[in-house]
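Student: So TrEMBL lists these for the protein:
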- 13-148: domain 'MARVEL' (DOMAIN)
- 44-66: transmembrane segment (TRANSMEM)
- 78-101: transmembrane segment (TRANSMEM)
- 121-142: transmembrane segment (TRANSMEM)
- 153-297: domain 'MARVEL' (DOMAIN)
- 154-177: transmembrane segment (TRANSMEM)
- 192-218: transmembrane segment (TRANSMEM)
- 225-246: transmembrane segment (TRANSMEM)
- 272-291: transmembrane segment (TRANSMEM)
Amino acid sequence: MESTGGPYLNTAAVTSPVGIARLLQMTFGCTTFSLVAHQGGFSAAYGTFCMFVWTFCFAITVFIITCEFTHLHSCLSLSWGNFTAAFAMLATLMSVTAAVIYPLYFVQVGCYPIGCEVRDFRIAASVFAGLLFVTYAAEVFLTRAKPGQVTSYMATISGLLKIVQAFVACIIFGALVNDSQYGKYVATQWCVAVYSFCFVVTVMVVAFSVTGKTALLWFPFERSVVIYTFGAVLLYVSAAVIWPVFCFDSKYGSPRRPSLCAKGKCPWDSQLVIAIFTYVNLLLYVLDLAYSQRIRFVSHL
């Protein structure tokens with residue numbers, strides 16, 4: 001009698017290099033948030049963010065492994081290759097952020113006042129958080145598009161850059177709401193409009209790619225993405241010029257950090273963060289535009 005169990009399970013989902021990386025992600029993620037929840041502890045928005053990252057990434061990784069091992073992903077209305085590539089890049093960015101934030105705010109050399117046991121748990125959690133980032137970065141490296149290979153859009157350099165652009169925009173938004181005083185001038189409000197517009201359109205590009213609905217659009221998706229990327233470069237160039245002028249020029253703002261400005265609640269600090277990440281995103285969009293000339297869009301993968 002023919003076996004009925006074998007064909008329904010995809011062992012390559014856990015034995016291939018990518019599968020092994022995902023198993024390690026699941027192991028390191030579970031270990032990290034377990035150490036923190038058991039004894040390491042966390043507090044404030046920074047600690048809550050780190051715990052969210054580790055639990056969210058763990059849950060999605062378990063979902064991906066389960067779907068691939070049982071072939072359930074074929075029943076989902078998703079472009080699976082685009083979905084896994086996009087998540088791997090997002091998880092890499094989120095995990096490296098948590099791996100930096102948690103030890104920065106919660107790990108200390110001495111035992112006082114938290115106690116040596118708590119300190120040791122926090123150090124161990126920080127180590128596993130770093131390993132978690134490495135495994136997600138390894139998956140991005142293993143699944144990225146190779147030269148001449150037909151693959152999912154989100155696995156290309158241009159697709160991966162879309163995730164980074166959206167992530168950087170989230171950092172900008174976080175700084176904007178932290179008393180950045182962007183409403184003082186119409187020019188700085190224009191910059192906020194630029195950040196918001198580019199973020200929304202970038203997320204829409206990712207969403208259409210992940211859901212596999214690009215072929216249903218009434219306009220050529222690939223050409224529209226390239227045109228949008230060119231427009232985003234021009235918009236970010238304007239923001240990269242306007243924001244520093246209206247925040248750090250002595251006529252409108254302050255070229256130096258005010259001496260009486262409280263740490264963590266200083267508008268100048270937020271303005272500096274926004275300026276830095278505006279240039280970061282400008283560079284990302286320029287790289288995206290350059291790489292988008294060399295890729296081939298495939299909507300059905």
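Heads up, the Cβ atoms here are built off N, Cα and C, so glycines get one too.
Each of these features: where is it, how hidden is it, and who are its neighbours?
Tutor: In terms of DSSP secondary structure, the domain 'MARVEL' (13-148) contains 113 helix, 0 strand, 23 coil.
Within its own chain, the transmembrane segment (44-66) is flanked in space by residues 13-14, 19, 22-23, 25-26, 29-30, 32-33, 36-37, 72, 84, 87, 91, 94-95, 97-98, 101-102, 105-106, 129, 132, 136, which lie at least six positions past its ends and keep a Cβ under 8 Å from the stretch.
When pLDDT is averaged over the domain 'MARVEL' (153-297), the result is 92.
Within the chain, the transmembrane segment (154-177) has long-range Cβ neighbours (under 8 A, six or more residues past its boundaries) at 81-83, 85-86, 89-90, 93-94, 140, 143-145, 192, 195, 198-199, 202-203, 205-206, 209-210, 225, 229, 270-271, 273-274, 277-278, 280-281, 284-285, 287-288, 291-292, 295.
A Cβ distance under 8 Å defines the sequence-distant neighbours of the transmembrane segment (272-291), meaning residues of its chain 6+ beyond its ends; these are 156-158, 161-162, 164-165, 168-169, 171-172, 175-176, 180, 191, 195, 198, 226, 229-230, 232-233, 236-237, 239-240, 243-244, 247-248, 257.
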Student: Which bits of the chain, at least 6 residues beyond where the transmembrane segment (121-142) starts or stops, bring a Cβ under 8 A of a Cβ in it?
Tutor: 17-18, 21-22, 24-25, 28-29, 31-32, 35-36, 38-41, 50, 54, 57, 85, 88-89, 91-92, 95-96, 98-99, 102-103, 106-107, 114, 160
Student: By DSSP, how many residues in the domain 'MARVEL' (153-297) are helix, how many strand, and how many coil?
Tutor: 110 helix, 0 strand, 35 coil
